[in-house]
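**Student:** Per Swiss-Prot, the features are:
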type	residues	note
ACT_SITE	CYS330	active site, nucleophile
BINDING	THR192, ALA193, PHE194, LYS218, GLY258, THR259, GLY274, SER275, GLU296, LEU297, GLU427	NAD(+) binding site
BINDING	THR331, GLY489, ALA490	(S)-2-amino-6-oxohexanoate binding site
MOD_RES	LYS94	N6-acetyllysine
MOD_RES	LYS462	N6-acetyllysine
MOD_RES	LYS500	N6-acetyllysine
SITE	ASN195	site 'Transition state stabilizer'
TRANSIT	1-26	transit peptide
Amino acid sequence: MWRLPRALCVHAAKTSKLSGPWSRPAAFMSTLLINQPQYAWLKELGLREENEGVYNGSWGGRGEVITTYCPANNEPIARVRQASVADYEETVKKAREAWKIWADIPAPKRGEIVRQIGDALREKIQVLGSLVSLEMGKILVEGVGEVQEYVDICDYAVGLSRMIGGPILPSERSGHALIEQWNPVGLVGIITAFNFPVAVYGWNNAIAMICGNVCLWKGAPTTSLISVAVTKIIAKVLEDNKLPGAICSLTCGGADIGTAMAKDERVNLLSFTGSTQVGKQVGLMVQERFGRSLLELGGNNAIIAFEDADLSLVVPSALFAAVGTAGQRCTTARRLFIHESIHDEVVNRLKKAYAQIRVGNPWDPNVLYGPLHTKQAVSMFLGAVEEAKKEGGTVVYGGKVMDRPGNYVEPTIVTGLGHDASIAHTETFAPILYVFKFKNEEEVFAWNNEVKQGLSSSIFTKDLGRIFRWLGPKGSDCGIVNVNIPTSGAEIGGAFGGEKHTGGGRESGSDAWKQYMRRSTCTINYSKDLPLAQGIKFQ
């Protein structure tokens with residue numbers, strides 16, 4: 001994920017007005033978007049000029065008031081009052097009390113509550129997706145799709161609520177049963193990043209809930225309105241079912257709240273999505289108290305196109321993986337390795353495809369490419385482009401800031417770098433694609449694996465043997481290993497996460513539910529004898 005200067009803040013809330021030829025008069029800038037007629041739909045989500053950013057059964061907040069901005073024009077949307085440390089303490093206590101009620105509810109009935117949450121999200125999918133587009137900056141279809149991911153994981157969790165459980169194992173002693181018992185860990189803290197302000201919370205929240213846990217969420221400060229809106233939807237479901245709202249608590253805040261969560265022994269599992277740099281600090285703080293952490297950190301993902309690749313698949317896949325969400329996905333393709341025999345043709349096709357990308361306001365349904373999330377991200381983009389040039393790279397497409405309001409940069413292609421160039425080994429959260437030539441399978445598999453991160457990877461080939469070598473022990477060392485599809489766009493049915501400096505955590509489908517539970521091995525003697533294990537006699 002995107003590197004940040006302040007630990008656990010995930011990214012800082014913007015406070016200054018946009019400078020430049022498109023600056024608006026102060027009187028206009030003082031008008032929040034939520035008060036303008038074209039944004040009246042925000043109030044359908046229960047939002048207003050100033051919103052309370054703490055929920056633990058009731059709404060409140062005694063911390064700093066921040067303003068969130070629209071990345072497409074850098075105009076203020078609305079304000080959110082963040083949590084103070086005292087708010088955090090109160091919320092944790094209420095969440096722990098709520099757990100005593102929630103843990104006693106049978107898992108299938110917990111699944112019914114999660115089903116209702118999914119249905120409530122369905123009802124608000126368009127308006128909530130529009131808020132994601134407005135506050136985060138991703139295009140509308142991606143904003144709606146992100147809410148759909150939360151809906152989908154709710155559906156998945158409902159089914160899982162009737163299936164979670166451990167096996168009965170054969171005992172070596174007659175008259176004995178050996179059972180694996182799974183119980184909820186208790187309180188799950190969830191710290192999410194700006195780039196997926198709905199879906200990542202959903203992956204964690206839905207599964208954690210059916211496992212019998214309560215959740216405490218700290219979203220990114222710059223997407224605080226999304227955190228508030230989602231929590232309002234969930235809170236209504238809980239309140240309608242006469243359940244404690246603190247089952248799904250919210251504490252909007254920055255580094256102080258994130259640090260408190262990481263150090264708090266009452267937080268039994270902390271799920272953190274963010275940069276590798278900050279994730280290391282989180283991991284150390286949690287490990288120092290022997291807690292559990294689920295880390296989903298950086299990705300420096302590669303696509304490999306072999307000489308037998310279907311170029312009608314390679315080009316659109318590389319395009320979507322590199323510029324989707326303006327290069328701000330953790331699964332964004334940042335490195336493209338092309339066999340030397342097809343390198344020039346693929347680069348030329350990519351340049352033509354890049355020239356056809358429709359740029360504009362992200363909530364316009366015809367737009368495919370929106371802004372970066374903050375002005376800081378624009379600066380990081382420019383710094384990376386200059387560093388690539390210094391290291392011998394050639395910008396063959398893009399490389400500049402767009403002359404328009406908002407945080408828009410040109411999607412960029414860089415060729416000519418060495419595979420081991422330091423900038424190519426640095427995750428820059430921006431739409432920059434580094435393109436390399438390779439000669440053979442052995443070297444390119446090694447190049448894929450030589451970066452510190454290990455999230456997502458993909459090859460394009462028709463060679464069945466090569467596919468299985470790619471999937472095997474000497475192939476990709478990533479958590480997501482694809483064939484003939486992009487590096488981005490994971491489905492909820494599979495466990496999501498990566499290896500090495502990506503953190504090793506897994507969210508969403510498969511058996512990721514086990515991370516939200518603790519396992520006990522239970523031996524039950526239902527005989528009248530007392531045989532010891534391994535045939536030991538102790539008389």
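Here the Cβ of each residue, glycine as well, is placed from N, Cα and C on the backbone.
How buried are these features, and what lies next to them?
**Tutor:** All protein chains shown were included, and the count of other CB atoms within 10 Å of the CB of CYS330 (active site, nucleophile) stands at 32.
Its Cβ taken as reference, GLY274 (NAD(+) binding site) is surrounded by 31 other Cβ atoms within 10 Å in the chains shown.
In the structure as shown, the Cβ atom of GLY489 ((S)-2-amino-6-oxohexanoate binding site) sits within 10 Å of 15 other Cβ atoms.
The number of other CB atoms found within 10 A of the CB of LYS94 (N6-acetyllysine), across every protein chain shown, is 21.
Counting Cβ atoms from all protein chains shown, LYS462 (N6-acetyllysine) has 11 others lying within 10 Å of its own Cβ.
Here the Cβ of LYS500 (N6-acetyllysine) has 18 other Cβ atoms within 10 Å, regardless of which shown protein chain they belong to.
Here the Cβ of ASN195 (site 'Transition state stabilizer') has 28 other Cβ atoms within 10 Å, regardless of which shown protein chain they belong to.
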**Student:** Find the shortest Cα-Cα separation between GLU427 (NAD(+) binding site) and the recorded positions ASN195, LYS462, ALA490, and name the residue that gives it.
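**Tutor:** Closest candidate to GLU427 (NAD(+) binding site), judged by Cα separation, is ASN195.
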**Student:** How big is the NAD(+) site in terms of the longest C-alpha to C-alpha distance among THR192, ALA193, PHE194, LYS218, GLY258, THR259, GLY274, SER275, GLU296, LEU297, GLU427, in angstrom?
**Tutor:** 24
**Student:** Of the recorded positions LYS94, GLY489, LYS500, which one has its Cα closest to the Cα of PHE194 (NAD(+) binding site)?
**Tutor:** GLY489
**Student:** Other than its own, how many Cβ atoms are within 10 Å of the Cβ belonging to GLY258 (NAD(+) binding site)?
**Tutor:** 26
**Student:** Using the alpha carbons only, what distance in Å do you get between THR331 ((S)-2-amino-6-oxohexanoate binding site) and GLU296 (NAD(+) binding site) once rounded?
**Tutor:** 11
